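K.L.:
What follows is a single structure, and I will ask about it in a moment.
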Amino acid sequence: MHLHEYQAKDLLASYDVPIPPYWVVSSEEEGELLITKSGLDSAVVKVQVHAGGRGKHGGVIVAKSSAGILQAVAKLLGMHFTSNQTADGFLPVEKVLISPLVAIQREYYVAVIMDRKHRCPVLMLSKAGGMDIEEVAHSSPEQILTLPLTSYGHIYSYQLRQATKFMEWEGEVMHQGVQLIKKLAKCFYENDVSLLEINPLVLTLEGELLVLDSKITIDDNALYRHPNLEVLYDPSQENVRDVLAKQIGLSYIALSGNIGCIVNGAGLAMSTLDILKLHGGNAANFLDVGGGASQKQIQEAVSLVLSDESVKVLFINIFGGIMDCSVVASGLVAVMETRDQVVPTVIRLEGTNVELGKEIVQQSGIPCQFVSSMEEGARRAVELSM
């Protein structure tokens, strides 16, 4: 689960991480009230959306007067923000963050992330802050230091010495940097964070390290342990079908293809995406109905996939061990019989009650094609999608 910047800063502030003052407003009236109370005459105004690239795509405005701040608030609130990270077209801007301008001496990058290569959390540091870290990693990998942490977020003294030397922090700045890194690691571990990114971390002209921008992602599977974080979920920042899938208890991820997929089991679902790609097609979604889905959940799954207008073909790939094929068939038929236009459907059923499942579909008269293997099904689905 992604947090907005202001939510990430709220969480970091609870660990005494140094952050400049900031305010969040959701209307022009709130902006006017803030200016009146605070006397702000210069600030940076930033859209609050779950996407990067805000500065490059008009989502950040530097205002150098009170009137300029209000104009920025009016311009940004309600906009449809788009960047290279908004795959579904745009994200609505319902809130903006306002923070005073800071006199910057130098910018840094600091992050704690889960790293598959090291199979543990890692601390990443770079003196090339304020930039696209992916570009830095590609063009100048020597500018990034990666230090593996323990699974419980501990960082050793020798690693702290490595970090401060690499970042060229000395004296009081070194002390600030050490404390900051410890706090970030603690926040990461205690809140089941999968990504904690500070970009930029700045050194001010007064010699103070401050977090200017932050990004935090929480492990969805651990949210039950953090009710204080679970309530921060913002459905407006997600694909409508993603939100609906969460409500009905399905594992769904929207993709960019035109072949709708309904599969049981995450492994089989991933394999289905791969084999479609192998045959020249592209899946419109990842959807795992699991092993114990009810007929109602199957109906909801079919309706969910078909609500995507880009879907030209439906590929159902079920290997029924725990899953009952007749339940899948009944759910499919219940939805298809209510639709004016039926999407071409390719079905591969194997396992528990497979013959009964096929009989239910065939007796309904809905247009579909049964196949005997995933390979054959993928090939046929791709042909129909062209």
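The backbone N, Cα and C atoms fix where each Cβ goes, and this holds for glycine too.
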K.L.:
Out of Lys46, Lys95, which is the one Swiss-Prot records at the ATP site of Gly53, Arg54, Gly55, Val102, Glu107?
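P.N.:
It is Lys46, as the record lists it for that site.
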K.L.:
Which of these, Asn239, Asn258, Asn264, Asn282, does Swiss-Prot list as part of the substrate site with Gly321, Ile322, Met323?
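P.N.:
For the substrate site that includes Gly321, Ile322, Met323, Swiss-Prot also lists Asn264.
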K.L.:
Could you check which of the binding-site residues (Asp213, Asn264, Met323) sits closest to Val102 (ATP binding site), going Cα to Cα?
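P.N.:
Nearest by Cα distance to Val102 (ATP binding site): Asp213.
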K.L.:
Check the binding-site residues Val102, Ile322, Met323 for other C-beta atoms within 10 angstroms of each C-beta and report the one with the most.
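P.N.:
Of the binding-site residues Val102, Ile322, Met323, the most buried by Cβ count within 10 Å is Met323.
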K.L.:
Based on Cα distances to Gly53 (ATP binding site), point out the closest of the binding-site residues Asn264, Ile322, Met323.
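P.N.:
That would be Asn264, nearest by Cα distance.
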K.L.:
Fewest other CB within 10 angstroms, which one of the binding-site residues Gly53, Gly55, Gly321?
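P.N.:
So among Gly53, Gly55, Gly321, the binding-site residues given, the one with the fewest Cβ atoms within 10 Å is Gly321.
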K.L.:
With Cβ-Cβ distance below 8 Å and at least 6 positions apart along the chain, what are the contacts of Asn264 (substrate binding site)? List them in sequence order.
P.N.:
Asp288, Val289, Gly290, Gly291, Ala293, Ile318, Phe319, Gly320, Met323, Val328
K.L.:
Using Cα coordinates, what distance in whole Å links Arg54 (ATP binding site) and Asp213 (Mg(2+) binding site)?
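P.N.:
Given the Cα positions, Arg54 (ATP binding site) is 11 Å from Asp213 (Mg(2+) binding site).
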K.L.:
Identify which of the binding-site residues Glu107, Asp213 has its Cβ surrounded by the largest number of other Cβ atoms within 10 Å, counting every protein chain shown.
P.N.:
Asp213
